[in-house]
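Colleague: Mind having a look at this structure? Questions to follow.
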Amino acid sequence: MPAIESGLLALILTGVLGYLLGSIPFGIVITRAFGLGDLRRIGSGNIGATNVLRTGNRPAALATLLLDSGKGAIAVLIARAAVGEDAAQLAAFTSFLGHLYPVWLGFRGGKGVATFLGTLIALAWPVGLACCLTWLATAAVSRISSLSALMAAASGVVWMLLLGQGQMAALGLVLAVLIFIRHHENIRRIANGTEPRIGKKASQDQSAEQ
């Protein structure tokens, strides 16, 4: 963790801003804008880009991915520019929490992977890029989005230490633990060999998850 040098009020304000940005449910907004219905009633019911992809609409899934990662990155960049590095890490954490527990959806949100990657890219782009490449490499081999997410999250702290960003390690560990908790059902299905693979549409995924 960086040294806490900013004032309490500044940290509170950037933390709240990060949470509010993170809590914007772009997956729901995008699917409705594309006329795809309520994302919470599609596939797994998750509000993230992977579930949007289950509609078969790749542009909508890409837009969701970019916006979910972008909101985390923007929260970090605003906090860093306005306050400092301690506020930037706080905003990364609160924007991530906002995606997981959005006030607008009764605190029932997504799993946070895109927002996690967005915050890392903004905090230290080499670490963020390394985690993105870890996700892509795992996805190319396994074709399982959740496994790719878990590998990216687990590798985050390792990349932070290897790339000279040890001051981010505590944050990276907390975010990784939360991602694993949010993926507990996916972990069970991975162990059972029943986790759906990337590219399957909603009807296929629902039958696989029943």
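The backbone N, Cα and C atoms fix where each Cβ goes, and this holds for glycine too.
Per Swiss-Prot, transmembrane segment is recorded for 10-30, 59-79, 87-107, 116-136, 161-181, and the stated evidence type is sequence analysis.
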Colleague: Looking only at residues six or more beyond either end of the transmembrane segment (10-30), which have a C-beta under 8 A from one in the stretch?
Modeller: 4, 38-40, 46-49, 51-52, 60, 63-64, 67-68, 71-72, 74-76, 78-79, 82-83, 86-87, 90-99, 101-105, 109-110, 115
Colleague: Are there residues at least six beyond either end of the transmembrane segment (59-79) with Cβ under 8 Å to its Cβ atoms? List them, or say none.
Modeller: 14, 17-18, 21-22, 24, 26-27, 30-31, 34, 36, 48-50, 52-53, 87-88, 90-92, 94-96, 99, 110, 114-119, 121-123
